[in-house]
Every structure is written in structure tokens, then in C-alpha cells.
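Swiss-Prot has this to say about the protein:
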ACT_SITE  GLU377  active site, proton donor
DISULFID  CYS334-CYS363  disulfide bond
CARBOHYD  ASN97  N-linked glycosylation site
CARBOHYD  ASN117  N-linked glycosylation site
CARBOHYD  ASN184  N-linked glycosylation site
CARBOHYD  ASN251  N-linked glycosylation site
CARBOHYD  ASN322  N-linked glycosylation site
CARBOHYD  ASN348  N-linked glycosylation site
CARBOHYD  ASN368  N-linked glycosylation site
SIGNAL    1-21  signal peptide
Amino acid sequence: MHLSSLSLSLTALAIVSPSAAYPHLGSSQPVLHTNSDTTQSRADAIKAAFSHAWDGYLQYAFPHDELHPVSNGYGDSRNGWGASAVDALSTAVIMRNATIVNQILDHVAKIDYSKTNTTVSLFETTIRYLGGMLSGYDLLKGPVSDLVQDSSKIDVLLTQSKNLGDVLKFAFDTPSGVPYNNLNITSGGNDGAKTNGLAVTGTLALEWTRLSDLTGDTTYADLSQKAESYLLNPQPKSAEPFPGLVGSNINISNGQFTDAQVSWNGGDDSYYEYLIKMYVYDPKRFGLYKDRWVAAAQSTMQHLASHPSTRPDLTFLASYNNGTLGLSSQHLTCFDGGSFLLGGTVLNRTDFINFGLDLVSGCHDTYNSTLTGIGPESFSWDTSDIPSSQQSLYEKAGFYITSGAYILRPEVIESFYYAWRATGQETYREWIWSAFSAVNDYCRTDSGFSGLTDVNAANGGSRYDNQESFLFAEVMKYSYMAFAEDAAWQVQPGSGNQFVFNTEAHPVRVSST
């Protein structure tokens with residue numbers, strides 16, 4: 001779907017020119033707006049869903065990491081520090097829910113990040129805890145400074161961010177500076193892994209650089225950027241089969257890639273996401289990151305774009321390994337449209353915007369083609385392996401399901417949000433509302449929201465008894481922001497961004513502001 005060929009229903013919609021807000025799109029593309037009462041009612045409904053999930057978590061699971069929303073039990077999969085609370089903070093701030101915000105701030109002040117009985121993931125802890133606290137700090141010290149009256153409670157967020165960084169930084173103490181991911185913070189040990197993944201290594205720089213910029217201690221930025229340097233200049237050269245597209249695993253001892261398997265799927269995904277986001281964060285310091293993203297984006301369009309045989313109008317991203325394309329993808333991968341749209345708007349590149357919209361449309365198809373209206377965990381368009389039971393689905397939808405699970409992932413709604421912000425086209429908000437409504441209809445329990453075992457079965461199959469913390473951080477936030485008023489943290493056209501979202505949807509203030 002390209003900007004020049006969007007076809008939208010105009011029923012009950014007003015049409016205005018987007019040229020003022022989105023000058024790079026030109027005046028030929030109308031911005032369509034729903035009735036303001038409808039927009040407000042949808043924003044209120046999403047806030048109510050957030051509060052429903054929070055109330056259940058608070059009653060049955062707090063201060064543990066996550067609620068088990070079927071049994072009303074709890075889990076501690078993220079170190080036992082209250083992941084859902086910290087992950088919910090920035091969304092609660094944006095929704096201006098002072099009661100929840102203060103509950104979370106009180107909790108953060110009590111966390112001892114030096115103590116846990118579980119293995120700690122550097123990656124997950126960075127994006128959820130460190131990102132959540134830094135975002136809360138930036139929002140409450142900035143555009144939402146009137147929400148919390150006691151400034152000392154806000155200051156604790158930065159203090160605790162530094163405490164967490166100090167606990168985690170031994171992960172980078174390796175011969176190369178490429179960190180271990182799985183840590184024993186009590187002993188200062190690790191799992192002895194020989195390699196680390198592309199996304200795990202390449203999704204640290206934003207949070208750790210922000211921590212340095214706020215504290216004035218360059219240690220954190222230096223550590224994360226040293227690790228990133230091996231990804232920006234990949235060795236051996238064979239690890240970069242196409243310009244900007246690199247392998248999936250890095251040797252911890254010497255920083256060299258151990259393969260040349262390329263994808264935007266889970267395990268690789270957020271490395272590419274952060275390249276352009278670091279440029280948004282500070283274009284002066286991170287011009288090389290932008291150059292690498294542009295190279296990767298152009299190579300992706302040329303070498304990885306794939307069209308199902310029964311639906312050549314759709315675009316998915318294949319993977320690549322030693323001359324062979326893998327024709328399968330994941331819900332996780334559907335962040336890709338948003339990445340192209342962010343890069344396209346920031347760099348004024350219509351080709352990236354158009355390709356991003358193609359990817360968004362393809363991911364929408366995975367939602368629009370199931371019985372629940374929710375997309376599957378993974379899918380394929382490889383005609384050599386279509387199950388007979390899904391032949392009709394492939395004929396109609398251009399894909400078949402390889403895992404029908406849904407664990408409250410946000411990536412499709414996330415890319416719908418970027419499409420809405422990049423184009424102003426009302427269609428994308430309608431897609432957000434449809435996706436949110438499906439989650440609300442099929443995943444809601446008496447105490448929260450559960451995962452589903454099969455999005456293409458009646459009632460979503462059976463339920464997973466787990467509510468991931470990213471429901472609060474991402475699904476609720478991206479859904480809400482599409483119907484909320486414009487604000488400093490919303491994605492803006494061109495170079496107008498005051499905030500940039502980490503991969504857990506926590507907005508951090510860009511360096512120049």
C-alpha cells in the first residue's frame with residue numbers, strides 16, 4: 001500500500017490537508033478524522049482496560065513480576081523486582097493516572113536491584129526496568145511535571161537507574177566488551193556463553209547512553225557503545241552479505257560474527273530498530289548508526305522483500321542464509337513497518353515510507369484473516385510446506401500459521417501507530433481500534449488479560465495463564481496514544497521528535513531537548 005494509492009472509506013469523516021503537519025507527503029493526501037466524541041470514548045476505553053489490568057495485578061500479584069490472570073496467581077520471570085509495575089509507569093504517566101503513578105514510584109524506591117534468586121537477562125532488564133525508570137524520569141521532569149507533587153519521588157527514578165546500571169555493568173567485562181546476557185548478579189558470574197545475539201548486543205545503547213547523559217557519568221554509554229561498535233563494523237566481512245545486513249551471533253571473546261544469517265525476526269530485530277532511533281536521539285553523535293540503518297533498509301527492500309504467490313499484493317520480509325531465502329516471519333517482526341516509517345519521516349524518504357506502509361499492510365493481513373482478528377506468533381508463505389488443513393487460508397490470505405499463539409505482543413499495533421503518525425490516515429487508527437478490541441474481547445479475564453493458544457480457533461483456543469508486563473508498556477500505550485491528544489512524547493514528522501521510544505515503548509527525551 002503506497003501513499004499515492006491509499007483507498008479509504010470517507011463515511012462520516014472530515015477531510016483536511018496534511019501538508020502543514022506532514023509537508024513531505026504533499027497536499028494530495030487527505031488526513032481523515034473521526035468524530036471527536038468517538039476518539040475520546042476510545043481513549044477512555046483503553047484507559048479503562050489499562051486500569052482493569054493494573055487493578056488485577058495490584059490485587060493478586062504485586063509486587064511480583066506478573067499476574068497469572070486465569071488462576072489469579074503470580075510469577076517472577078523478570079528477577080522478582082516487580083516488572084509489571086515498572087513497565088506500567090510510563091503508560092500511567094501518559095494517561096495521567098496519578099494514583100497508579102504514585103503507587104509505582106513508592107515501589108521503585110524499595111527495589112534492591114542487587115538481590116534476586118533468578119538469572120538476570122541484561123537485555124530484558126535494560127529494556128523493561130532501566131528503560132521504564134528513565135522514561136518515567138524524563139516524562140515527570142518534563143512535559144508531565146505537574147502530575148507528582150513530591151519531586152524527591154521522581155529523583156528516585158534516576159538514583160535507582162544508576163543503581164541498576166552499576167549492578168549490571170559487570171556484564172561488559174569481557175575481552176572484547178561484547179557483554180554476556182545471562183547474569184548471576186550475586187556472584188558476578190554468567191552462563192559461560194561463547195556468543196551473544198545481535199539484538200541482545202545491539203539493543204542497549206539507547207538506555208545506557210541516556211543514563212550517562214542524565215548522570216554525567218560516561219561509563220554506561222561507553223560500555224554499550226563499545227559493544228555496538230562490533231556490529232557497526234562487522235568482521236569478518238562475510239558476516240555482511242548485503243550492505244547493512246549482518247549476521248545473528250557475535251563471539252564474546254573477540255567481537256567477530258560467527259555467522260551470516262540475516263533477518264528482521266526475533267533475535268535480530270531490535271538491532272535494526274535502534275540504529276535509526278539512536279540517530280533520532282542525537283543526530284550529531286549517531287550519524288554512523290543512521291548510515292548503517294539506511295544501508296540495511298535499502299538492502300532489505302532489494303533482497304528480503306517477498307510476496308506470497310497467492311497474494312502478490314502483500315509484502316513480508318524473508319530471512320537469508322547462504323544464498324537461500326527463508327519464507328517465514330513472526331509477530332515480533334511486524335515492528336519492521338514502524339521502523340521504516342520512522343526512518344522515512346525523519347530522513348524525508350518517501351521510498352522508505354511507502355515500503356513501511358507495505359509492511360504494515362502485510363501485518364494487518366495476518367490480523368484480518370484470523371477468526372479472532374489477532375495475528376499469530378509465527379507464519380509462513382513457503383509453498384513447499386503448506387499443511388493441507390491451511391491450504392484455503394493460504395489461498396485467501398497469502399500465509400499459513402506455524403504457531404497460532406498470541407502472548408499479548410504489541411508489534412502490529414505499534415506499526416499501525418507509526419503509520420497513523422506518518423500519514424494521518426484514519427484507516428490506521430481504525431486498524432488499531434480493531435486490534436485493541438479483539439484483544440479486549442478474547443484475552444480479557446476477570447483480573448487482567450491472558451494469552452491465547454490459537455488465534456484462528458473459536459474463542460482463541462485455550463488461555464495462557466500469564467500476563468506479560470509489555471501489555472502495560474506497549475499494547476496499552478500504543479493503542480491509547482493513537483486516540484490521545486498530540487503531546488511532546490508523540491512521534492512527530494521530520495526532525496521534530498522530542499522523545500524516542502525504546503523497544504519496550506518507553507519514551508525517553510532526545511538528547512537535543
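Cβ coordinates come from backbone N, Cα and C, glycine included.
The structure, with features from Swiss-Prot marked on it.
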{"residue": "ASN97", "record": "N-linked glycosylation site", "Cβ neighbours (10 Å)": "19"}
{"residue": "ASN117", "record": "N-linked glycosylation site", "Cβ neighbours (10 Å)": "8"}
{"residue": "ASN184", "record": "N-linked glycosylation site", "Cβ neighbours (10 Å)": "14"}
{"residue": "ASN251", "record": "N-linked glycosylation site", "Cβ neighbours (10 Å)": "18"}
{"residue": "ASN322", "record": "N-linked glycosylation site", "Cβ neighbours (10 Å)": "8"}
{"residue": "CYS334", "record": "disulfide bond", "Cβ neighbours (10 Å)": "29"}
{"residue": "ASN348", "record": "N-linked glycosylation site", "Cβ neighbours (10 Å)": "13"}
{"residue": "CYS363", "record": "disulfide bond", "Cβ neighbours (10 Å)": "29"}
{"residue": "ASN368", "record": "N-linked glycosylation site", "Cβ neighbours (10 Å)": "14"}
{"residue": "GLU377", "record": "active site, proton donor", "Cβ neighbours (10 Å)": "20"}
Expressed to the nearest Å, what is the distance separating ASN97 (N-linked glycosylation site) and CYS334 (disulfide bond) at their Cα atoms? 30
To the nearest Å, how far is the Cα of CYS334 (disulfide bond) from the Cα of ASN184 (N-linked glycosylation site)? 32
Sorry to bug you, but what's the C-alpha spacing from ASN322 (N-linked glycosylation site) to ASN251 (N-linked glycosylation site), rounded to the closest Å? 19
Roughly how many Å separate the Cα of ASN368 (N-linked glycosylation site) from that of GLU377 (active site, proton donor), to the nearest whole number? 14
If I take the alpha carbons of ASN184 (N-linked glycosylation site) and CYS363 (disulfide bond), what is the distance between them in whole Å? 38
